[in-house]
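J.: Copying in the features that Swiss-Prot gives for the protein in this structure:
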TRANSMEM  33-53  transmembrane segment
TRANSMEM  77-98  transmembrane segment
BINDING   His83, His182  heme b b562 binding site
BINDING   His97, His196  heme b b566 binding site
TRANSMEM  113-133  transmembrane segment
TRANSMEM  178-198  transmembrane segment
BINDING   His201  ubiquinone binding site
TRANSMEM  226-246  transmembrane segment
TRANSMEM  288-308  transmembrane segment
TRANSMEM  320-340  transmembrane segment
TRANSMEM  347-367  transmembrane segment
Amino acid sequence: MTNIRKTHPLLKIVNHSFIDLPTPSNISSWWNFGSLLGICLILQIATGLFLAMHYTSDTTTAFSSVTHICRDVNYGWLIRYLHANGASMFFICLFIHVGRGMYYGSYMSIETWNMGIILLFTVMATAFMGYVLPWGQMSFWGATVITNLLSAIPYIGTTLVEWIWGGFSVDKATLTRFFAFHFILPFIVVALAMVHLLFLHETGSNNPSGLNSDADKIPFHPYYTVKDILGVFLLILFLASLVLFAPDLLGDPDNYTPANPLNTPPHIKPEWYFLFAYAILRSIPNKLGGVLALILSILVLALLPHLHTSKQQSLMFRPLSQTLYWILVADLLVLTWIGGQPVEYPFIVIGQLASILYFTIILIFMPMAGMIEDNILKMA
């Protein structure tokens, strides 16, 4: 008798995606982060749902409702901090996942890669709107500053900003619509993630060597289910440590002050996972130029398949490109640090240099390194 998982219309899809999926036998732990992102998304939707049961999206009660969740709701503090720090874990996994794709040349599966970029933008939009909801000082001013960037769009900018705000400033209408969008977007992320997986399973997973692995595949279950579960346990351990020992480590103290339109915080900054893009935005004195640089800092990823010059897909056997890759990682860490610093000397100059280096490595140095390495191989 044929197993039900191979015949049932629904179970058949699950079987082909997570059980009998032919997987390269040599993929390392860097391939764990896709499943960890799935776990993070489930956690965020679950905790977010329970938070939404007690949250009120009104400017007069939003801050108080978050305080009420932490003080009066059973384990409300745990749900709130799991949700806030879960977002940080989500972005750590996202950055590693994208970084792994860049290192091992996974971007050569263009549909999967482009779907991933759309997912990245959607998750970033979701996180930004979620940060506005507690209605603290940084929520309010962050929303004001970031939405106001759209006014840099020629001709329609100001009208567009007022349309998004639902008035002439960030107010009740803005908070209500941000809550509505923050609630719906994670479900859109789930749908996009399914399309992302659909495209991935058309071509199959890449592997560290960057070579075709059709001749050497193993079933996903039990080999990689067990491997993924280890990753999940480590993720939960790290998240639990953060939530139970240092829940406010990654937050901003200003957000414990209720939003006040009459009092601007000395230094407005977004959550830590947006600081690299914020630093790139601030490094350009022109408003429109800054907005374009901000968008391009993520959109530049879409150019990677077209900038690939090497005959090898992965960086595994390419020391020159490896060096550039790790300089890029260090550069992103510098940008993250700069994004959290005040706009003054020497931080302005460091930010500008780091921003130039970021785009130069991706657009010029990496393609050049690929060609140089190919020529060295020809000479050998």
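Count begins at 1; order follows the chain as displayed.
Heads up, the Cβ atoms here are built off N, Cα and C, so glycines get one too.
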J.: Based on Cβ atoms within 10 Å, give me the single least packed residue among the binding-site residues His83, His97, His182, His196, His201.
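T.: Output over binding-site residues His83, His97, His182, His196, His201: least Cβ neighbours within 10 Å is His201.
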J.: Report the nearest neighbour of His182 (heme b b562 binding site) in space among the binding-site residues His97, His196, His201, comparing Cα positions.
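T.: With Cα distances computed to His182 (heme b b562 binding site), the winner among His97, His196, His201 is His196.
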J.: Which sequence positions outside the transmembrane segment (113-133), separated from its termini by at least 6 residues, show Cβ-Cβ distances below 8 Å to it?
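T.: Hits for the transmembrane segment (113-133): 55, 57, 62, 66, 87, 90-91, 94, 97-98, 101, 106-107, 139-140, 142-143, 146, 174-175, 178-179, 181-182, 185-186, 188-189, 192-193, 195-196, 199, 270-271, 273-274, 298-299, 301-302, 304-305.
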J.: Relative to the transmembrane segment (33-53), which of 77-98, 178-198, 226-246, 320-340, 347-367 accounts for the most Cβ pairs at distances under 8 Å?
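T.: Out of the listed stretches, 77-98 contacts the transmembrane segment (33-53) most.
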J.: Does the chain bring the transmembrane segment (320-340) near the transmembrane segment (288-308), so that three or more CB pairs sit under 8 Å (pairs 6 or more apart in sequence)?
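T.: Counting Cβ pairs under 8 Å (6 or more apart in sequence), the transmembrane segment (320-340) does not reach the transmembrane segment (288-308), since there are fewer than 3.
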J.: Tell me if the transmembrane segment (226-246) touches the transmembrane segment (77-98). I count contact as 3 or more CB pairs below 8 A, with pairs 6 or more residues apart.
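T.: The transmembrane segment (226-246) and the transmembrane segment (77-98): touching, yes.
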J.: Please indicate, using numbers and ranges, the residues of the same chain that are 6 or more beyond the transmembrane segment (347-367) and have a C-beta under 8 Å from a C-beta there.
T.: 279-280, 282-284, 293, 296-297, 300, 303-304, 307-309, 321, 324-325, 327-328, 331-332, 334-335, 338-339, 341
J.: Which bits of the chain, at least 6 residues beyond where the transmembrane segment (178-198) starts or stops, bring a Cβ under 8 A of a Cβ in it?
T.: 17, 37-38, 41, 44-45, 48, 52, 55, 57, 112, 115-116, 118-119, 122-123, 125-126, 129-130, 132-133, 143
